Structure formats: C-alpha cells, structure tokens
Amino acid sequence: MVLQCSLSYINDQSAFRMPAMVVFGRRWRIASDDLVFPGAFELFIRAVWWIVTLVVYTNHKGRFDCQGGTYLHNYLVVLLVLLGVIILTLCAIVYISAQGTIMNPGPRRSVPALVYLRALLYVPELVWACLGAVWVSDSSTGCKPEEVGAVIAAVVSSWIILLSMAVGVLVVFDPLGSQRPGAPPDAPRGVRDLESSESSQLFYTAHTVASRVWESRLRLLCCCLPQDNNHRAAFSSIAQLVSGFFLDTDLVPSDIAAGLALLHQEQDKMEHCRDPDEVLSHSLEDLEVELEKAAHFMKFAAAAYGWPLYVYSNPLTGLCKLSGDCCRSRQAEYDLVGGDSLGCHFTSILQSTGLQYRDFIHISFHNQIYEIPFYVALDHKREAVLVAVRGTLSLKDVLTDLSAECENLSVEGISGTCYAHKGISQAAHYIYKRLVNDGILSQAFNIAPEYKLVICGHSLGAGAASLLAVLLRSTHPTLQCYAFSPPGGLMSKAVAEYSKQFVVSVVLGKDLVPRLSIPNMEDLKRRLLKMVSNCSKPKYKILMRGCWYELFGGAPDDFPTELENRREEVLNQPLLGEESLLVQRSNTYQSLSSDDSPAHPTHLPLYLPGRILHITEDGPARRHCFAPVRYRAEWSSETSFRNVLISPRMVADHMPDVVLRALRSLTREQPFALCPSSTSNSHLNVI
C-alpha cells in the first residue's frame with residue numbers, strides 16, 4: 001500500500017520537477033521552457049487569423065444573404081470565439097514557459113495543464129475545419145468571393161496547423177519516455193530503500209533499451225547498405241556509444257543548445273584574459289621546412305576526395321574541365337592503375353595534383369565499412385612514393401568514424417600499451433594488406449628504388465595514414481606521414497609518442513575533429529551541465545543572446561549565476577532530480593561538484609598522432625566577411641586539444657579546401673606568419 005501511494009505521488013510530481021516535460025504519461029524531448037518560441041509563433045498566426053476573420057464578419061454582418069448565409073454567420077461567430085480561447089491559452093503558455101530557469105522549473109509547474117488544455121482545443125478546431133470544408137463544397141453557392149475565401153483560408157490554416165502539430169509531436173517524441181521515474185526525496189523511507197536497491201538494474205535496462213532504439217535508427221538510416229557481420233557489429237558498437245552518452249542526464253536538445261551558447265561565450269572570455277601561452281621550442285627553420293612540405297602534400301590529400309571536392313572548390317569551371325573525360329571509356333586506366341569505379345575521380349586527381357597519368361601506380365575508390373579509398377603515385381618533385389588516403393565522404397565512412405571503441409595494436413619497438421580507434425585501425429590494416437600483400441609498394445619501389453615513402457591524408461584519411469605509417473615504420477624507417485586535421489581520439493599515449501619521430505599533424509584553428517574523443521566529449525558534457533546548472537537566466541534569453549553573439553559578435557555576456565541566490569550544494573544536485581534512479585549510477589553528476597575530470601574515467605584516453613603544427617588566424621577574433629585572412633603557425637602540444645572549443649569556425653576549419661588555402665597562404669607569407677605572438681591560442685584552458 002505504501003509503495004502504491006508513493007508511486008502515485010511520483011507520477012503527480014514528476015510532471016513539473018524534471019526539466020524534460022512529462023505529459024500524457026511519458027517523458028518528451030522538450031522542456032516546459034521550450035514553448036516560448038513555438039507558442040509565440042503560433043500566437044502571431046492566430047492573432048492575424050482572428051483579426052482577418054473579425055474584419056470579414058464585421059463588414060458582412062447582417063448581409064449573409066446567400067444560400068448558406070445563416071450557417072456562415074454561425075461558423076464565423078464560433079470560429080472567432082474558438083480562436084479567442086486558443087489565443088488566450090497560447091498567451092498563458094508563452095508567459096508561464098518564460099518563467100524560471102533550466103534548473104528551476106517550479107514557476108512552470110502549470111505548463112502541463114495548459115498543454116492538456118491546448119491539446120483539447122484541437123478537437124473542436126478539427127471539427128470546425130471539417131464543417132467549413134463541407135459548407136464550401138455544398139452551401140457556398142451565391143456567396144461573395146471574400147466570404148468563401150475567408151472560410152477556405154480558415155480551413156486550410158487549421159489543417160496546416162494540425163499537420164504541423166503532428167510533425168512536432170513526432171520530432172519531440174522520446175522512445176524511452178515511458179521509463180518509470182524513481183522515488184522523490186520526500187517519499188517514504190521504505191520506498192526509497194526499495195528503489196535504491198533497483199537502481200543498478202534500472203540503469204542497465206534503460207541502457208539496453210536505448211541501445212536497441214539507436215541500433216534500429218542506424219539500420220533504418222543505413223537501409224541501403226548490406227547487412228553483413230561488419231555492418232551489424234558497427235551498428236551495435238555505435239548504438240552502445242551514442243545511447244550511453246546523455247543517458248545519465250535529463251537534458252533535452254534545447255538545454256544542450258543553451259549550454260553550448262553559454263560555453264562559447266565563457267571560452268571567449270577566458271581567451272581574452274588568459275596569460276600568454278608557452279610555445280614549444282623548435283627552430284624556425286624546422287617550422288618553415290615542415291610548412292612547405294605540408295602545403296605540398298595537402299594537395300594530394302585533398303585530391304583523394306575525387307570529383308566532389310574538385311567541383312566544390314571550382315564551382316565555375318570544375319564541371320567543364322571534367323565533363324569530357326568523365327564520358328570517355330577508361331578501360332586502359334583501370335588496367336593500369338587497378339582502380340575500382342573511378343568515373344570522374346581519376347580526371348579530378350590529375351587536375352588537382354598536376355601529375356601525369358604514368359605517375360600513378362594504383363588508385364582504388366573501393367569503399368566499404370573499414371575499407372576506405374586511397375591511391376599510390378610517384379611524386380618526382382619530392383622524390384617520394386606517395387600514399388594518399390581519402391577522408392570521410394560516404395555513409396560507410398561515417399560508420400567507420402563512429403566505431404570509436406579501442407582495439408589493441410600490435411607494433412614492434414614500442415614500450416607501453418598499444419591500442420587505437422577500432423574503425424580507423426581496421427581501415428589502416430586494410431590499406432596495409434593491399435599495399436604489402438598485393439605488392440603495390442614493391443611495384444612502386446621497383447620503378448623508383450631511391451625514393452622515400454610518404455603517407456598523407458585528411459580527417460579519417462589522416463587517422464588511417466598515421467596508423468598505416470606506424471605499421472610500415474619497421475620496414476620503411478625513413479617514411480614520413482602528414483596528417484591533416486586528424487581525429488583526436490586516435491591512438492594510445494605510447495603510440496603517439498612513438499609517432500612523433502615521423503608523423504606531423506596539421507590542425508587549423510578551432511577545428512572540432514582533432515578535439516573529438518570520448519573523454520573530451522564526456523568533459524564537454526560535464527561542462528555543459530555546469531553552465532546550465534549555474535545560469536539564472538531563462539532559456540529563451542540565453543538562446544536569443546547566443547544567436548545574436550554567433551551572428552554579430554560583441555562582448556561575451558556576463559550571465560548571472562544561481563550561486564547569487566542559492567547554496568552551491570543545491571546546484572550540485574543533478575538535473576534529473578534526486579527522484580531518478582539513474583542519478584545513483586551517474587558519473588556525470590557525481591563529478592559536478594569538482595572542476596576536475598571524474599576520478600574514474602570510463603574510457604581509455606586516446607591522443608593525436610605525432611608532432612602537432614597548429615595554424616591559427618592572426619588578428620582580431622572576428623573579422624569582416626571579405627577581409628583578408630592572415631595566418632600564423634607554431635608547434636603545439638596535445639594538451640592544447642583536450643577541450644572542445646565552441647566556435648562558428650569549428651566545422652569550417654576542418655574542410656580540406658580551407659586547410660589547403662591556409663597552408664598556401666602561410667608559405668607565401670612566412671616572414672610575418674611565423675613570428676611568435678602572445679595572442680596565440682594553442683594552450684587555451686576553459687572552464
């Protein structure tokens with residue numbers, strides 16, 4: 001009896017205690033403070049609709065003398081009343097939804113009741129839309145066009161809003177929303193003890209269900225791919241990774257967006273007031289030489305993307321240059337270079353690299369999960385046998401990227417634990433087998449025995465190139481590798497230290513990918529939680545200010561925190577509230593009381609490969625769209641990439657054409673660009 005009463009109390013209270021809104025007996029991917037913008041938009045539409053209807057009714061009052069005039073009069077009157085009630089309900093929803101903060105949903109406790117009322121009003125609206133359609137089809141003969149048009153507009157508007165509502169419900173639907181919450185802090189002690197003993201089992205069950213949901217989503221998204229063992233294993237591992245990331249929080253997407261907006265401004269404030277950074281000691285000559293080489297080999301890494309990047313980089317002339325060769329039969333090239341389904345790719349590679357047809361040893365655009373395209377060519381300018389590996393360009397490549405668990409790496413000559421990113425490691429082993437077992441490298445060195453081996457790639461290709469270089473180092477001790485924008489979670493510390501002898505990583509600006517690793521993402525999640533927990537501004541103000549800051553810049557906002565009015569120990573309580581059983585299993589919330597990372601990380605640390613050459617924009621943080629860009633370069637350490645930096649450039653700085661442009665700019669402006677500067681951001685520490 002005690003348990004039944006307590007669980008009933010939980011269901012009554014959870015609708016307003018949890019940031020994620022609970023209505024109709026389940027949790028949704030929307031919070032009670034997310035209704036400000038959609039409510040205001042619908043309010044505007046309804047107000048205009050009401051005014052237009054009122055004008056039509058006022059101008060024709062007493063003069064509805066057509067066949068269905070009486071029916072039309074009653075229809076407009078009821079429509080005005082119904083729209084008035086809906087407008088008043090929306091005003092209440094918008095006003096109350098704007099109250100409180102993300103962590104303080106108490107002032108919004110009446111939002112679920114208003115949502116029920118608003119949902120109930122859809123019933124008479126649907127009925128009235130159907131009656132309006134019947135009147136237009138059967139009884140509108142002889143009525144004035146503006147009267148008929150007003151009813152048709154009302155019917156169409158109703159159906160559009162109803163359809164939009166249905167789409168919105170699908171968007172915010174949470175498949176895991178039916179999970180039963182736990183006991184609140186003021187529940188009877190016996191209930192709390194019973195619920196506590198079940199916490200581990202509930203967390204395991206929730207994680208299992210979430211994994212199945214994400215695996216089903218992946219199968220649906222990749223329905224065109226073959227469902228072999230590799231794909232099934234990838235779906236399973238990716239689902240495990242994604243499902244567990246925000247499972248121990250009660251964040252909805254808008255909370256994450258608000259946290260990112262706050263974190264970006266906080267990072268910019270820290271950047272403006274930080275101490276001058278320490279630059280790693282390397283000679284200027286060494287930096288110049290490596291920049292020259294990097295700029296040279298980056299064009300080969302970019303060329304590996306084939307015709308899509310070539311056309312993107314040359315929008316006016318690219319198609320014209322490729323069109324003639326794309327339509328020609330290339331049976332001879334297939335036989336010579338051993339390529340698979342080259343199409344326009346080979347022509348774009350010739351155009352991008354400036355090499356001759358006879359310089360290519362092998363080109364493969366075969367693409368499966370863990371099997372990525374690459375080509376082998378002779379670079380006579382640098383006297384190198386060049387292996388260029390393509391980055392992410394297909395859904396199969398994305399699955400390779402997301403297979404992020406660790407896999408043991410067998411490498412001779414390394415003291416220490418050797419492991420690497422599973423998906424990229426398997427891609428590197430695939431290319432290794434093709435190069436060695438199929439005799440591709442032997443063929444190349446038979447033609448040019450005095451040449452040295454150089455491996456390069458961008459993004460996914462950079463990670464695979466780095467691990468491939470590690471695998472080939474024992475048989476090719478003079479090889480060099482240039483990894484452009486490599487993924488941050490790539491290899492163990494021991495392998496990363498070993499790779500510094502022959503790998504150079506090039507990172508541009510605030511590129512997201514070199515900062516992506518599971519520990520870094522866990523750290524980002526913890527920081528987001530801390531930002532939204534401490535801020536005392538309503539969410540809609542945070543989002544509006546964040547959009548303005550991203551678009552137009554300005555000084556970072558100094559948002560007040562709830563520490564001004566609340567005790568710090570209260571802020572350390574999780575967003576789920578103590579009533580959730582998941583909290584007892586949440587490492588994220590257990591680490592909120594400390595500025596340090598969790599004491600027991602759940603994932604092995606992975607690092608960037610080799611020495612790191614960091615390129616940044618020199619000058620003000622924000623510039624005019626058409627202002628010339630000046631770059632500077634310096635050697636950096638892997639500690640500079642342990643935090644994800646929020647910036648509008650975090651994706652653009654990863655694009656291969658942008659990286660190539662920056663490297664070419666540096667090699668043309670060396671005297672200015674290579675000077676050390678205290679404005680460097682290579683060691684930015686953020687909260």
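Numbering starts at 1 and runs along the chain as it is shown here.
The backbone N, Cα and C atoms fix where each Cβ goes, glycine too.
Nobody curates TrEMBL annotations by hand; they come from automatic prediction.
Annotated in TrEMBL:
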{"type": "TRANSMEM", "residues": "35-57", "note": "transmembrane segment"}
{"type": "TRANSMEM", "residues": "77-98", "note": "transmembrane segment"}
{"type": "TRANSMEM", "residues": "119-136", "note": "transmembrane segment"}
{"type": "TRANSMEM", "residues": "148-173", "note": "transmembrane segment"}
{"type": "DOMAIN", "residues": "387-518", "note": "domain 'Fungal lipase-type'"}
Distant-in-sequence neighbours of the transmembrane segment (77-98), which means Cβ under 8 A and at least six residues beyond its ends: 32-36, 39-40, 42-43, 46-47, 49-50, 53-54, 57, 107-108, 110-111, 114-115, 117-118, 121, 124-125, 128, 132, 154, 538, 540
Integer mean pLDDT for the domain 'Fungal lipase-type' (387-518): 93
Intrachain residues whose Cβ lies under 8 Å of the transmembrane segment (119-136), provided they are six or more past its termini: 68, 71-72, 75, 78-79, 82, 85-86, 89, 148, 151-152, 154-155, 158-159, 161-162, 165
Counts by DSSP class (helix H/G/I, strand E/B, coil) across the domain 'Fungal lipase-type' (387-518): 56 helix, 28 strand, 48 coil
